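Q: Got a structure for you, questions after.
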Amino acid sequence: EIKETFKYINTVVSCLVFVLGIIGNSTLLRIIYKNKCMRNGPNILIASLALGDLLHIIIDIPISVYKLLAEDWPFGVEMCKLVPFIQKASVGITVLSLCALSIDRYRAVASWSRIKGIGVPKWTAVEIVLIWVISVVLAVPEAIAFDMITMEYRGKDLRICLLHPTQKTSFMMFYKQAKDWWLFSFYFCLPLAITALFYTLMTCEMLRKKSGMQIALNDHLKQRREVAKTVFCLVLVFALCWLPLHLSRILKLTIYDQKDPNRCELLSFFLVMDYIGINMASLNSCINPIALYLVSKRFQNCFKSCLCCWCQSKDLLSLEERQSCLKFKANDHGYDNFRSSNKYSSS
């Protein structure tokens with residue numbers, strides 16, 4: 001009964017995520033690609049994050065919806081391995097991009113001079129390549145572990161794609177047993193811990209700045225604080241979306257006992273939590289553009305301009321957006337002049 005109920009709920013949520021995710025993430029990528037003033041380090045990382053979400057939405061969600069509604073798996077063993085592989089790679093891209101964004105915000109405050117110059121795009125490109133390579137490598141065990149089995153159900157032989165109960169190597173058996181703890185520690189706790197660490201360091205660094213420098217760089221600091229607030233919002237959204245799923249899996253590992261006479265009620269509770277967690281985690285693929293629209297004024301202006309004038313020329317940029325870009329560049333130039341005149345003034 002629980003499975004039958006959530007089958008339709010999950011289908012509706014998946015269709016909603018599919019539509020909103022394609023519109024939101026493709027619009028976000030177009031904004032960063034078309035507008036030169038939006039092509040900075042943090043925004044390129046956000047674009048990488050959006051691209052990872054878009055791949056997951058286009059490939060995984062339609063197949064997952066079919067899997068919910070149909071009993072049999074008709075796509076073959078290749079797709080059985082590809083779907084969980086892309087899903088884990090997409091989550092890995094999200095996690096590592098959020099870590100890189102948090103570190104980037106601290107470095108922006110601690111070392112102003114590294115923001116400008118040709119080194120920034122090169123370092124950002126290296127970061128993105130590393131993020132994608134590491135995410136793909138860490139997702140390989142999923143492709144190995146998942147396989148198809150045939151089982152009898154209601155007088156029919158059904159082909160099912162799942163994490164195979166028996167693995168061929170000792171490493172894969174260990175991965176199967178430790179999978180939930182590994183996912184919880186790396187794909188959930190790591191970005192939260194890194195964000196907490198570097199945002200604490202960033203706060204200490206900003207409090208340590210001299211009051212005169214704070215006044216001179218008032219507009220520049222406002223720009224940095226807005227980006228920091230945006231990154232923090234993305235991490236918070238990630239945590240809220242993925243917490244229910246990880247919580248249900250960890251509780252099942254720690255509380256569930258096969259000898260417990262009430263285990264059926266407990267399993268039903270965990271099944272409900274699992275379905276809710278899957279829906280919440282799925283929302284994370286489409287909610288980042290919405291969060292950026294609500295938190296960042298610059299992204300809000302760009303979204304409005306892009307959605308209203310999707311087919312128009314890239315020259316039709318809103319006046320407020322252009323002023324924002326010019327103001328940001330002027331602040332950078334003003335800070336360089338201030339910094340060069342005070343380079344040797346501190347003891």
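Glycine is no exception: its Cβ is also placed from the backbone N, Cα and C atoms.
Quick paste from Swiss-Prot:
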- 1-7: topological domain 'Extracellular' (TOPO_DOM)
- 8-32: transmembrane segment (TRANSMEM)
- 33-43: topological domain 'Cytoplasmic' (TOPO_DOM)
- 44-69: transmembrane segment (TRANSMEM)
- 70-81: topological domain 'Extracellular' (TOPO_DOM)
- C80-C161: disulfide bond (DISULFID)
- 82-103: transmembrane segment (TRANSMEM)
- 104-124: topological domain 'Cytoplasmic' (TOPO_DOM)
- 125-149: transmembrane segment (TRANSMEM)
- 150-177: topological domain 'Extracellular' (TOPO_DOM)
- 178-202: transmembrane segment (TRANSMEM)
- 203-230: topological domain 'Cytoplasmic' (TOPO_DOM)
- 231-256: transmembrane segment (TRANSMEM)
- 257-268: topological domain 'Extracellular' (TOPO_DOM)
- 269-295: transmembrane segment (TRANSMEM)
- 296-347: topological domain 'Cytoplasmic' (TOPO_DOM)
- C309: S-palmitoyl cysteine (LIPID)
- C311: S-palmitoyl cysteine (LIPID)
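What does the local environment look like for each feature on the list?
A: Summarised by DSSP class, the composition of the topological domain 'Extracellular' (1-7) is 6 helix, 0 strand, 1 coil.
Cβ atoms under 8 Å from those of the transmembrane segment (8-32) belong to residues 38-39, 43-44, 46-47, 50-51, 53-54, 57-58, 61-62, 64-65, 68-69, 275, 278-279, 282-283, 285-286, 288-290, 292, 299, 302-303, 306-307 of the same chain, restricted to positions at least 6 beyond its ends.
Looking just at the topological domain 'Cytoplasmic' (33-43), the mean pLDDT is 83.
Remote same-chain residues near the transmembrane segment (44-69) are listed as 7, 10-11, 14-15, 17-18, 21-22, 25-26, 28-29, 32-33, 75, 79, 82-83, 86-87, 89-90, 93-94, 97-98, 100-101, 104, 121, 124-125, 127-128, 131-132, 135, 161, 234, 282, 284-286, 288-289, 292 (criterion: CB distance under 8 Å, separation of at least six residues from the stretch ends).
Long-range contacts of the topological domain 'Extracellular' (70-81) within the same chain, counting only residues at least 6 positions beyond its ends with a Cβ under 8 Å from a Cβ of the stretch, are 63, 142-144, 146-148, 153, 156, 158-161.
Listed in sequence order, the residues of the same chain lying 6 or more apart from C80 (disulfide bond) and placing their CB within less than 8 Å of its CB are W73, F146, D147, M148, C161. C80 (disulfide bond) falls within a helix when secondary structure is assigned with DSSP.
Remote same-chain partners of the transmembrane segment (82-103), defined as residues 6 or more beyond its termini with a Cβ less than 8 Å from a stretch Cβ, comprise 42, 45-46, 48-49, 51-53, 55-56, 59-60, 63-64, 127, 130-132, 134-136, 138-140, 142-143, 145-146, 161, 186-187, 190-191, 194-195, 198-199, 231, 234-235, 238, 284-285.
Within the chain, the transmembrane segment (125-149) has long-range Cβ neighbours (under 8 A, six or more residues past its boundaries) at 44-45, 48, 52, 73, 76-77, 80-90, 92-93, 96-97, 100, 159-164, 167, 172, 175-176, 179, 186.
If one looks beyond the topological domain 'Extracellular' (150-177) by at least 6 residues along the same chain, the residues whose Cβ comes under 8 Å of a Cβ in the stretch are 67, 71-75, 79-80, 83, 141, 144.
Residues 91-92, 95, 98-99, 102-103, 105-106, 109-110, 138, 145, 163, 228, 231-232, 235, 238-239, 242-243, 246, 249-250, 253 of the same chain lie 6 or more positions beyond the ends of the transmembrane segment (178-202) yet place their CB under 8 Å from a CB of it.
DSSP places the residues of the topological domain 'Extracellular' (257-268) in helix, strand and coil in these numbers: 6 helix, 0 strand, 6 coil.
Residues 2-3, 6, 9-10, 13-14, 16-17, 20-21, 24-25, 27-28, 46, 49-50, 53, 56-57, 61, 90, 94, 229-230, 233-234, 237-238, 240-249, 251-252, 256, 303 of the same chain sit 6 or more residues outside the transmembrane segment (269-295) yet have a Cβ under 8 Å from a Cβ within it.
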Q: Around C161 (disulfide bond), how many other CB atoms lie within 10 A of its CB?
A: 21
